[in-house]
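Participant: Handing you a structure now.
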Amino acid sequence: MEFFRYKSALNFMGKSKIAIAISITLMLLSYGILFTKGFNYGIDFAGGTIVQVKYDKTAPIKEMREKLQSNKLFENASITEFGSPDEVVIRMKTTTGNVTQDIGDITREALKGTGNFEIRRVDIVGPKVGGELREKGIMSMLLAIAGILIYVAFRFEWRFAVASIVALVHDVSIASGFVALFGIEVNLDVLAALLTLLGYSLNDTIIVFDRIREGIVTSKNMTLEEIINESITRTLSRTTLTSLTTFFVVFTLFMFGGEIIHPFAFTMLIGIIIGTYSSIFVASPILLWFGFDVKKYHTKLAEKAKREAEKERMRAQFESGVM
Amino acid sequence: MKLNYRIVIFALAIVFGIVFSIPSLLQTQNGKKITLGLDLQGGLHMLLGVKTDEAIKSRIKSVAASVKHFADRNDILIDGLTFDENSVRFEVLDSDELQAFNDFLSKIDGAKTDIQGDVITLTFTPQEVQKIKKLAITQAIETIRNRLDQFGLSEPIVARQGKDKILVELAGIKTAQEEQRARELISRAAKLELMAVDEARNARVYNMSDTDAAAYGDVILPDAKNPKIKYLVHEIPILDGSMLTGANVGFDKNNRPVIDFKLNSEGADIFGDFTGKNVGKRLAIVLDGKVFSAPNINERIGGGAGQISGNYTVLEAKDLAIALRSGALLAPIYLMEKRSVGPSLGADSIKASMIALIGGFALVIVFMIVYYRMAGVIANIALIANLILLLAIMSLFGATLTLPGMAGIVLTVGMAVDANVIISERIRELIYEGKSMHKAIEDGYSNAMSAILDANITTLIAAVVLYVYGTGAIKGFAITMSIGILASMLTAILGTHGIYDLLEKKISKSKDYKFWFGIKG
C-alpha cells in the first residue's frame, strides 16, 4: 500500500500565501479567545478543591446540591457529572489548610442519606502552590523552547532554528486557543500535552528540514523554493503515516482512557493535526522569507569542508612526524 | 556470514528486556518491579508547609520557662516576666544579681541580651532566627518520618520539596479511617507541657476573658475530654516535651490505657524541685494546648516519671505515644496540597489506560503490516521489543508508573514507529530509483539517520525539561517519554537493521518488492 508517490514535486510554496493567511487568522482568533475567554484553569494552577464521588446508581445531583448547600464550606461549589452518570465531581475555589480536618470526611458527612457512594478522589491545591505550578509551567515552556532553539541552530543554521520556533509558537498558540475555546480544564496534564506537542511538532518540522538541508547540499542547481517543494513532497508519506499512527493511538486514549485523561488526549489530538499542518505549510515558507541563500550556504559549507581538510592534513602530518 | 553485531545487540536487548520486565508483568514477588504511582494504586499525597514563626515563639516561651526556673532555683527575685513573639523581658529586683543572670543568659545559643537599669530584654540574633526556622523544617521532616515508620505502611515517602515544603506520600492507604489516622499522626504537634494551675485565681476562671488571664501571666486552657471545663494555668510552663526521653502505653489500675513518660535528668530535676515546693497544688498535664489531667501533687516526685491518663482507646494511646516519642513538632504544619486517590479509582485508571494502550498498539501493528508488508512486520518486532525494553528499564530503576506515564507509553508507541517509517520510506525511494536491494537498505539507513537523530534529540530536550520542572505525575510522563525515545532509537535503528542484515541474501534474491516493502514494483 502506498499513499503518495509523485513523479514531480508538488508546489507547496506556491500555496504558502494562502496557508500563511489561514495561520495568521487562526493565531489571531486564538489570541482573541485567550484574552477574552481565557483558560479554564483547573485547581492545579488556580488552587482549590476537587472531590470526586461515585454512586452505585445514577448520582442524585439535585439532592446532593440541596444537602451540600447547608454547609458553608460548599457555598460556591459546582457539582457536575464526571464521565458517567453515577460519577460526580464537586469543585470549590476554596481550600482548607488544616491537616486533620478533611474535606473528604466533611463531604461524606454532608452527603449522608443520598444513597451508597464512595469518595474516590480528593485534590486540594493551595493558592500558593497553584501559583508556583503556573510559574513553573511557563518557565518549562520557555526553557524547552530555548533548548530546542540552541540545538537546531547548532545542527542546522540559525534561520532553521527561528523558523522552527515560529512554527512551534504557531502550534502551541492555536492548540491553546482550542483548549480555551472548548473550555478544557487546564491542569498539569494539559501542560504536559502542550510540551509534548512542542516535541512532536518539532519532530515533524525537523524531518522536513533535514530533507531540505540534504537537498541544499546535493542539488546545486535548484532554487530554495524548488528544494523545499521537493523535500516536502518526498517526506509527505512519512509525515502522513506517522501523524496517522500517533493520531490513532491518542484517539484510542481519548475514547477509552477515561475522563481524567480527556484534557490531555484532547490537547494532543488538536496538537497532532496542527503540528502536521505547520510542518508542511508554516515552517518552510518562513525559511524562504528569512532570505536563506543557497549559494552562500554552499560557499560556507565549502569553506568549512576546506578547514576540516586542512585540519585533517595537519593532524596527519603531525602524526607522521613531518612538521 | 560475517559477524552481525547489530542483531547480537538487538538480541541481547530483547533478552535483557524480557528478563527484567517479567517481575513487573507477572507481578512476581522477586525482582525489581515498576512501582505504580499513587494515582494508579491509590494513596495519599500531601505537600505540607511549616509555620516557622511558631517555632520562634515556642523557643521564646521555653527561654522564659528556663529564666523562671533559674530564678527560683537560685532564689533571685524577679518581677514582670513577660514575653511576646520575639523577646523575653523581666526585671531583676536585686541589681547585684544582674551579673549572675547575664552570665546564665549568655550561655543560651544565639541570644542577645539588653540591660537597661534592672530590666533585661532577651532577643535572638537574625542568624539564630534563621537557624531556628531551618531547624523547624528539618526537624518536622525527621519527626514525621519517625512517626510514619512506626505506622506500619510500606515505604512512606517523606522528603523536603523546594526550600520549605515537605512532601509526604503514602501508598496503599485503603480506607478513609486509615487516611485519617495517618493525617492525625503526621499533624499532631505532640507538644507536651507541664503547667502549674493558678490556684489563687482558678475559681474565677469562668468569669475571665483571655485578656484578663494574660494580665496575671496566665492562660485559660480547656479540658481535653470536656471542653466546657476550663483551667487557669501559668502561661510559662514548668517544663516542656523537649526534656522527654520516652513514652509508652501502659495501663492504670482500672486497666485503662495510659501513657507513661520519662524525663531526662534536667527535666527530672526541675520536676522534682517544682513538685517538692508545690505540694497540695495541682499540676496540669497539657498536650497540644489541652489539659489532659490536673492531678494534685501529694509529694515530691523524683526520678522524672509521669503519666498521662485520658479516655482513649489502645490504638489512640499507641499513636499518641508514637507522636510523643518521636518528638514534638517545633512548629505546626499546614496543608498546601493534598491529593488522595481511592484504590478503586486507581484500578479503573489502569484498566482504561490498558485498553487504550492495547487498542492503540493493535491499530498501529495492523496498519504497519498493511502498509509495509514484511517491512511492517519487522518494524512491529522492533515496536514490541521497544515496549519490553521500556518496561525493563523502568523496573530496573524502580521508576514510578503514573497515569500520565501510561499516556507517555501510549504516545511512545505512536512515535516509535516513526523511525521505522522514515527508514522504510527512504528504502522505498531508493528502490524506485532503481538501486539494488542491498544498496537501498544500506543507504536508506544512512540517509535516514540524521533526521531520526535530530528529531529524537529535540523531543528528548522537551522531555528532560519536563522532568526537571515537572512535579509528581508529570515527572512520570517525562521519564516514560525519555526512556521510550532512547529505547526506540536502539530497537528501530539498530534492531531492524540487524534483521535486514540477517535476511539480506534472501531479500536480494527475491524480486517481490511488494512482499518486502509493500510497493507496487
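Even glycines carry a Cβ here, placed using N, Cα and C.
The domain 'Protein export membrane protein SecD/SecF C-terminal' annotation in TrEMBL covers A:110-291. Per TrEMBL, transmembrane segment is recorded for A:12-34, A:137-154, A:161-184, A:190-209, A:241-258, A:264-290.
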Participant: Please give the sequence-distant neighbours of the transmembrane segment (A:190-209): residues at least 6 beyond its ends with Cβ less than 8 Å from one of its Cβ atoms.
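Facilitator: Residues 42, 137, 140-141, 144-145, 148, 152, 156, 160, 163-164, 167-168, 171-172, 175-176, 179, 184, 231-232, 235, 238-239, 242-243, 246, 263-265, 267-268, 271-272, 274-276, 278-280, 283-284, 287 contact the transmembrane segment (A:190-209) from elsewhere in the chain.
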Participant: Please identify the stretch among A:12-34, A:137-154, A:161-184, A:241-258 with the greatest number of Cβ pairs below 8 Å relative to the transmembrane segment (A:264-290).
Facilitator: A:161-184
Participant: Below 8 angstroms Cβ to Cβ, which residues of this chain, lying six or more residues outside the transmembrane segment (A:241-258), approach it?
Facilitator: 3, 83, 200, 204, 264-266, 268-269, 272-273, 275-276
Participant: So if I exclude everything within five residues of the ends of the transmembrane segment (A:161-184), which remaining residues of that chain have a CB under 8 angstroms from its CBs? That is, six or more out.
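Facilitator: Residues packing against the transmembrane segment (A:161-184) from afar: 23, 26-27, 29-31, 33-34, 37-40, 141, 145, 148-150, 152-153, 190, 194, 197-198, 201-202, 205-206, 209, 262-263, 266-267, 270-271, 274-275, 278-279, 282-284, 286-287, 290.
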Participant: Six or more residues beyond either end and a Cβ under 8 Å away: which residues meet both conditions relative to the transmembrane segment (A:137-154)?
Facilitator: 45, 160-162, 164-165, 168-169, 172, 188, 191, 194-195, 198-199, 202, 206, 209
